[in-house]
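These notes are about the structure you will find just below.
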Amino acid sequence: MAVNVRDYIAENYGLFINGEFVKGSSDETIEVTNPATGETLSHITRAKDKDVDHAVEVAQEAFESWSLTSKSERAQMLRDIGDKLMAQKDKIAMIETLNNGKPIRETTAIDIPFAARHFHYFASVIETEEGTVNDIDKDTMSIVRHEPIGVVGAVVAWNFPMLLAAWKIAPAIAAGNTIVIQPSSSTPLSLLEVAKIFQEVLPKGVVNILTGKGSESGNAIFNHDGVDKLSFTGSTDVGYQVAEAAAKHLVPATLELGGKSANIILDDANLDLAVEGIQLGILFNQGEVCSAGSRLLVHEKIYDQLVPRLQEAFSNIKVGDPQDEATQMGSQTGKDQLDKIQSYIDVAKESDAQILAGGHRLTENGLDKGFFFEPTLIAVPDNHHKLAQEEIFGPVLTVIKVKDDQEAIDIANDSKYGLAGGVFSQNITRALNIAKAVRTGRIWINTYNQVPEGAPFGGYKKSGIGRETYKGALSNYQQVKNIYIDTSNALKGLY
């Protein structure tokens, strides 16, 4: 299937600052391609430090009036954004598929609708938020106010470009902040098109979108003296740098980072549910998911029954043209990611691991121009293996046999990460006990990779700081002010 790219994507994009697309301070651009075909989609402006200065200055100016708008006004604008996203769902989903390589069935059903739902959700959250008043005694009163922080600086990863942007933008502007956000230089196009919705709905300067390299303009955003709050989704290595910038400037940071999550299949699991859940955990979005269930821990009693079913299921996955509605897995997002995946396959071949399914790049039937990889299942002898400890970020699943629930818990916790995990069991008490014992921010029971609004998402340990996607995330973008009132009109007698 082929579409006319220019029906969806402009040939060039400027920076979105103060409600307009503008030229950058430099004429440098970055080529943006379709990872499934190698086709050039567009050229984006390569922002420099001067552009970051401009965007932050505009955001600071806009904050003065935006922070004073009523909650109901902000809520209505967020709802309008969500409505317009849904009205343009098919177009924006196609842009996401063209730019990211993920299947159109996912962008149409998940990425764009869930982005829209986040704007609707945080409209309701801010509209129903209430402060508190505490009567300390008959003469004194404590009022607690939640106030916006100021200018938010955000950078989001390439795996869910529009959805992750919504996770940042919706709560930030709902709380009364303004934002300067930068998408990945490889997948910026959906957010740039959605800027046209912001242009229609929001006052100028509330949302500003820069494009460029993370090591250049992204770093400049995080180290800018005019930025009051940092928010980042990406690798743990870069997360350390963002945390250092936050510490240096003494500003708060929300970090959603890497993971090596364990998906635990107990001996009483419904195997039909488990097979589907395992695939949801590692094949959804080509495995390019921070919460991917990339370590499969299988009870020894059902190991020999489950593994052949997985081998068959993996071999039947349709990998191909992301624009085809029947495609279940599309292209990896770029050559660097494909090379990284291949490097771990090489490690498996040179070690005592056993490749049970997949393990190859796909190049037949017109796939040679893209970065397609087979669903891959690898048995490793224990959790100390390199493939069981490091985040691969692709459709590569390591499987480890466990003898009981406690061993599953111990192995699940034997990781520097703590983002997510899963448990499959028909005994809810047993599943809950494991869920409580595993040190991660999210545990799914009898499903995987469901991330709706209204349920907190974020990690323990090296997987990040803070939570997103639920009402408590609003506090990430607020400061608490206490107004303490003495109505006694009486001297205290100390001086």
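First residue shown is number 1, and so on along the chain.
In case you wondered, yes, glycine gets a Cβ from its N, Cα and C as well.
Look at Swiss-Prot and you will find G212, K213, G214, S215, E216, S217, G218 tagged as NAD(+) binding site. The active site annotation in Swiss-Prot covers E256, C290, and the record cites similarity to another entry as its basis.
Here the features listed in Swiss-Prot are placed on the structure.
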residue : record              : contacts (Cβ under 8 Å, 6+ apart)
G212    : NAD(+) binding site : I30, I44, T45, R46, A47, K48, D51, Q182, S185, G218
K213    : NAD(+) binding site : I30, R46, S185
G214    : NAD(+) binding site : V155, Q182, S184, S185, G234, V238
S215    : NAD(+) binding site : none
E216    : NAD(+) binding site : R46, A47, K48, D49
S217    : NAD(+) binding site : R46, A47, K48, D49, D51, V52, Q182, L210, T211
E256    : active site         : F232, T233, C290, F457, G458, G459, S463, G464, G466, E468
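A sphere of 10 angstroms centred on the C-beta of C290 (active site) encloses 27 other C-beta atoms. Under DSSP, E256 (active site) is assigned to a strand (E or B) in the three-state scheme. Using the Cβ center of G212, K213, G214, S215, E216, S217, G218 for NAD(+), the list of other same-chain residues with Cβ within 8 Å runs, in sequence order, A47, Q182, S185, N219, A220.
In this structure, G214 (NAD(+) binding site) is part of a helix by DSSP.
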